């Protein structure tokens, strides 16, 4: 009896020590997050050192300290989990990207963005995969299978343009910011969809039928994921508009918006769709309809809540990557041949540089052929910036690499360890070295005097008919307030030739008519005054704001 009691007590003590260790780890990690925020504030004026580089540096320093105290056994506080990343950290980042996006610029350049983000990613994936197959076997890495090589292409085709976006100003360089931002989001979605499609197919029996099925599945995931995000966003707008929850509690409005956004992501994962695409377009629809149906206090709260959660999630990811870069277990597998790991990292960096150049410049040339005005075309200097912006690799690449080459955060094979350490090396080098060179490069290629005048370059992008009509200078899903008179001036294309010559402008004009005539009366949004007694009026909104 005493033996059983002592055994139970020992197990309880071990459990207590385990829980206590987890609490200590979380305390240290939260303290490190606070340190990243404080240092990011102190380094605000030196924008070549952004939050990503700060978090990576703190993670590396923390890893060194932990290695010293643990006697060289471990360098990180937490074990990386793909579920933690894809279920909890990635959704707020992508949703905030869609919620905060300048819809005017995004949809005016939508065709070019899709070309860069979808077609370009496929080209880059092809080059990286083919290059890896041709070079890795010559380096003595023989245990990788075809699925691994295809996954490597998807892993390193995923960009991280955070460094460039923190330097670019969307008011000074709207075209550049729109293209870099839009391509980054579509690229991440394409990479994840491509990665999941690779894992779901039997690649041991490849024939033309399987290839067509692969393409069809890819297109299905893209379209179905987008539609699910749009429908979820519209549902949230309809519920909040009809019930006008804010007249009783603004907290319920904010909670419903957050939960509906997260629900869209989880529904996509439940249906084996792309949660990234779903939550991104849900954010766009919510910002266009739902956000304007809530009270003013709820608008302020949601805007800052989404931005804060996205910022914390990004910092958390880069902080962990910095600590994991010194993980002894992974490096122990490649300690007998460190030159191989360095060679693999160098080859991957070269393939990334080549893959980006292989589609940025040709697709920019094709895009320029469809532009009439020189101001609408992507100059060679801007093409270089777009090429450079996609060279950084970050959180998505790390998460996909862990998903493919580790089991529960731990590496079991030498080839898998080489790929993990190479991925960490590529992320560190591209984020720190390329990221620190981003601001000087942009200052050299796009001087401030030119960026100041770039706001005038968008006037021709957003006109629906005659350039002399200033009221027509609005874009698809414009953020500015417009009057009913603007709607009356919108005209359908007079001929098929007009439709084909200015497709973006024509689609915008038709969308504006449809949006004002049907969508806004049903789902609300900016400029729409509800008629129903249960819906908010301007007076009621003011009273509610005063009370709150």
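Glycine is no exception: its Cβ is also placed from the backbone N, Cα and C atoms.
Automatic, uncurated: that is what TrEMBL annotation is.
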Stated TrEMBL location of transmembrane segment, expressed as one of 157-182, 183-208, 261-286, 417-442: 417-442
Paired segments the transmembrane segment (304-322) and the transmembrane segment (106-129) in contact, 3+ CB pairs under 8 A: no
Maximum Cβ pairs under 8 Å to the transmembrane segment (106-129) - stretch from the list 20-40, 52-71, 342-363, 417-442: 342-363
